[in-house]
Amino acid sequence: MEEFVRQCFNPMIVELAEKAMKEYGEDLKIETNKFAAICTHLEVCFMYSDFHFINEQGESIIVELDDPNALLKHRFEIIEGRDRTMAWTVVNSICNTTGAEKPKFLPDLYDYKENRFIEIGVTRREVHIYYLEKANKIKSEKTHIHIFSFTGEEMATKADYTLDEESRARIKTRLFTIRQEMASRGLWDSFVSPKEAKKQLKKDLKSQGQCAGSPTKVSRRTSPALRILEPMWMDSNPTATLRASFLKCPKK
């Protein structure tokens, strides 16, 4: 799984995921599924923000090519991917500037057009189940929730999907590709099943020549900074210049 992640995600995304896991004492060599899920969530957040700007008239526009003469502001502020201290500094600054209500939990993005924080979720389960879990945790109507699945489904607060259909389709296609690439390498089942994950971990440790006494238990602890995890796997926390370039997964 670790090799797959390093091949299939932008190096900047991988680096951010490594820093997040290191900050909370998590070993990516052991918790490889979490490593993959953090990278997936980061990429979705960056794709959500990509190409969306606000022009001089305050209108939301999509620009895929940089125009040095255009006075444009990024529509979305990316909060996900920052260390906790910096992330809260950004959130506080946004609240002071816009008058937005400070969220209880760190969100993933801020939408300057709709003036709201956004929580992004990526799940392999039924989207409505994960949405309800997320809403129950956040307990705030001020934070907009948008959930994507690896099967192409999505769910958002009040059916307001924020982005245009084409932008959302890019995200869904990327998630489907990740799923297919994992499956082709025999990694998908272990990514979504705790039992299969343990088997895969034991197999990986054995292939790495580690001793029989090496730890094989997969941690179920959820890092505070990586709250958008489902109960076992990561679903989901920099600047405007850190936009992901999306690499196709090379075949074996």
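Even glycines carry a Cβ here, placed using N, Cα and C.
What Swiss-Prot says about this one:
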{"type": "SITE", "residues": "Leu28", "note": "site 'Important for efficient shutoff activity'"}
{"type": "SITE", "residues": "Leu65", "note": "site 'Important for efficient shutoff activity'"}
{"type": "ACT_SITE", "residues": "Glu80", "note": "active site"}
{"type": "ACT_SITE", "residues": "Asp108", "note": "active site"}
{"type": "SITE", "residues": "Lys195", "note": "site 'Important for efficient shutoff activity and nuclear localization'"}
{"type": "SITE", "residues": "Lys198", "note": "site 'Important for efficient shutoff activity and nuclear localization'"}
{"type": "SITE", "residues": "Lys199", "note": "site 'Important for efficient shutoff activity and nuclear localization'"}
{"type": "SITE", "residues": "Lys202", "note": "site 'Important for efficient shutoff activity'"}
{"type": "SITE", "residues": "Lys203", "note": "site 'Important for efficient shutoff activity'"}
{"type": "SITE", "residues": "Lys206", "note": "site 'Important for efficient shutoff activity'"}
Within 10 Å of the Cβ of Glu80 (active site), how many other Cβ atoms are there? 28
Asp108 (active site) and Glu80 (active site), distance between Cα atoms, whole Å: 5
Tell me the Cβ neighbour count for Leu28 (site 'Important for efficient shutoff activity'), meaning other Cβ atoms within 10 Å of its Cβ, over all protein chains shown. 19
Given Leu28 (site 'Important for efficient shutoff activity') and Asp108 (active site), what distance in Å do their CA atoms have, once rounded to a whole number? 22
Enter the number of other CB atoms within 10 angstroms of the CB of Asp108 (active site). 28
